[in-house]
Structure formats: C-alpha cells, structure tokens
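Below is one structure. I have some questions about it.
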Amino acid sequence: MSEGKKPGSGRKSSGRGQRDLRVRVKSAKGRKLSSTLWLERQLNDPYVARAKREGYRGRAAYKILELDDKYRFLVPGARVVDLGCAPGGWCQVAVARVNALGDKSGKKVGRVLGVDLQEVDPIPGAEIHQLDFLSEGADEQVKAWLGGRADVVMSDMAAASSGHKGTDHLRIVALVEAAAQLAFDVLEPGGTFVAKVLAGGAENEMQAMLKRNFRKVANVKPPASRSDSSEKFVVAQGFRGRGDAEDVENGEDDGA
C-alpha cells in the first residue's frame, strides 16, 4: 500500500512522497500514541497481510510454521496439545501438518487438542476445550481428551503485559515452567515441547530444567518474530520420560 500521490502522476516530484511506501496512521483524538504505533505496525507488517490472504487467524502462525520447517516435530500422525491456543493460528498449522483432517492420502492421521481460558471459535480438524491448564487434574483431563499421551506440547502464551520489561520477563518464564511441568506429565518419551519466552536473564533455571528432561534444547528466534521483540522460542526435543530425567544432570544444547 502507498500513500499520497502515486509515482508517474505527470508532475515531477521531489521524491519526499516516494521515500517510504509504508502506511502512515494519523493520530486520532483520544487514541494513545502506543495504540497508533501498534496500528501502523500492523498495517505495514507483511506477515499480517499474508495471514489474511492465507486464512490464518494471526501472524503468529508463521512462527510455528518456521519452527517446524527447521525442527520437523509436526509430522503426520502426531498428537499435539496447544496450550493457550487462542486465537487459533498455531492449531490451524498443526491440523494441516499432522494431517488431522485425514486429507493427505497414505499419511497417518494426527490429533490436535487446543485449550484456553477463553472460548475459541471452532477450528476444523482441532478439538478445542476451555480449560485452565494450571488447575488441579488438568494433565489427566488432557490425556483423557487425547485418549493417551501427546507427541507435542506447544505454547505461544504470554502473561498480560505490566508495562515493566523485568516483570513481564519473570511472568512469562514462570508460565513456561508451568507449561513444561504439564508437558512432563502428558508427553510420550521422545516428545517435543515448544514455548515462547522473553529474553531477560532469568530463564537459566528453566533452561536447565529442560535440559535435564530433553535430549536436545534449542533457543530460536524465527524470521516471523519481530526484530524489535525480545521474544524467542525454546524447542526441546527427545523427552526422556519422568524416570530417566531424574538421573540426568545436563542435556545437549543446540544454540542460544
């Protein structure tokens, strides 16, 4: 999208109108500057436009697509649990990749289970439940819905922003640790755990915990993750199982 006079309108231009094809959002009375900047960024984000074209519920879908392109954990036949699944973009990707709809002839058919505190609009091929994953018995409920253990537990959750980076970092690390604890209870040996975390220095204990429980732990910032964001994703593969992990001091780290 462009703004102002179009190039080639018949008059010479100073070039100032052509230096930037980004959409500019005028500040409206009553709208905070932060809201204006967020809206401008959304309107100019190629991933936002692509998500609309391709039918995904948000740009975050491309983060899990890019992670799976690299680490190949969403395979046909896999059983996937998406924690904090709203608005549903990660579930949409998982449905397609694990063949949950069974539309890939000759491929195994997977399962996708999404849980969230809030109601989520139905997603073809996914089973969505309203659940607080921190509640007592949530792990057993998830296994009951799946009819067994999961191959993948993934989370794009983030705690509500406090406006203070240090506080937000601590909150999301605690959230990832809680999600990992549920993953330990529901994953099959060899399974994968994927979660978003904000960089900030307090994640060392969480990383050590994952290394004790998984054979490989990687820290990744996919291309779809905004460059000015402190978010990254931890991809932990090769779950050892509850018994094996207790005797392991360190796992293998594939990069920060």
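Just so it is clear, glycine is given a Cβ too, placed from its N, Cα and C backbone atoms.
Pasting the feature list from Swiss-Prot:
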{"type": "ACT_SITE", "residues": "Lys196", "note": "active site, proton acceptor"}
{"type": "BINDING", "residues": "Gly88, Trp90, Asp116, Asp132, Asp156", "note": "S-adenosyl-L-methionine binding site"}
{"type": "COMPBIAS", "residues": "246-256", "note": "compositional bias 'Acidic residues'"}
{"type": "REGION", "residues": "1-20", "note": "region 'Disordered'"}
{"type": "REGION", "residues": "219-256", "note": "region 'Disordered'"}
Measure from the CA atom of Lys196 (active site, proton acceptor) to the CA atom of Asp132 (S-adenosyl-L-methionine binding site) and give the result in Å, rounded to a whole number.
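For Asp132 (S-adenosyl-L-methionine binding site) versus Lys196 (active site, proton acceptor), the Cα atoms are 18 Å apart.
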Round to a whole number and give the Cα-to-Cα distance in Å for the pair Asp156 (S-adenosyl-L-methionine binding site) and the residue listed as 'active site, proton acceptor'.
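On Cα coordinates alone, these residues lie 5 Å apart.
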Among Gly88, Trp90, Asp116, Asp132, Asp156, the annotated S-adenosyl-L-methionine contacts, find the widest CA pair distance and round it to a whole Å.
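For the residues that bind S-adenosyl-L-methionine, the greatest Cα distance is 18 Å.
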What does DSSP assign Asp116 (S-adenosyl-L-methionine binding site), in three states?
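Its secondary structure by DSSP: strand.
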To see if you understand the setup: which same-chain residues, six or more apart in sequence, place their Cβ under 8 Å from that of Trp90 (S-adenosyl-L-methionine binding site)?
Ala60, Ala61, Ile64, Asp82, Gly114, Met154, Asp156
If I restrict to non-local contacts, at least six residues apart, and a C-beta distance under 8 angstroms, what lies near Lys196 (active site, proton acceptor) in its own chain?
Ser155, Asp156, Met157, Ala158, Ile172, Val176, Glu231, Lys232, Phe233
